[in-house]
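> My questions will all concern the structure given below.
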Amino acid sequence: MGFLSLVGNSFGCSASGERLVSAARDGDLQEARALLEYNPRLARYSTFGGRNSPLHYAAAQGHHEIVSLLLESGVEINLRNYRGQTALMQACQYGHWEVVQTLMLFNANIHRTDYLNGGTAIHFAALHGHARCLRLVLADYVPSIPNFLNQTNHRSSEEVSDADFDDEYWFGQDGKLEGRWRPNPASYGSVKWPCRVCTVVIGPGSICF
């Protein structure tokens, strides 16, 4: 194969990759599916500057169907961008719980840390106040606690069901945390997270991050 042919193929792949990035960012499922059927390797494409993959864009924008499509096409689920962030971190940061749920079903690594502050997906969800995302990640983080969702806390004297365990329960009607979280300065040094590091109160015990 000649040099010009190689260059042509490279530019063709780049153009198709950018189309997939746009489809992932804009939520164009039909376009994304057509491109991946044409060339499944496009799922591994990343932009030159930010090194964000189509998976990162789809996760950040909340397009869970495209996230699922990309994962089924063989994309590396724990792929990092230039900040060291995974798709799970970005989904937690922006509160896209359906994306988080999809990524968890595909066994995303919740222990990965970003390059800037050493934050995990749990930190991103907690920092930005996304209770549903936090719940999904914590359910995987604490697999040893039976019926985790039902034992996490009590509203009055009754157990909280999964249906009642919503954002209002965690944050109250005014959107603020209601004693479920408290700062844990002792953890700052270990995780190098410069913002609010939290202690999650779970029944009789707690977990510090």
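Yeah, the Cβs are placed from backbone N, Cα and C, and that goes for glycine too.
Predicted automatically and left uncurated, TrEMBL annotations should be read as such.
Checked TrEMBL, it gives:
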type: REPEAT; residues: 50-82; note: repeat 'ANK'
type: REPEAT; residues: 83-115; note: repeat 'ANK'
> What does DSSP give as the helix, strand and coil breakdown of the repeat 'ANK' (83-115)?
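Per-class counts: 17 helix, 0 strand, 16 coil.
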> Per DSSP, what is the residue count of the repeat 'ANK' (50-82) in each of helix, strand and coil?
17 helix, 0 strand, 16 coil
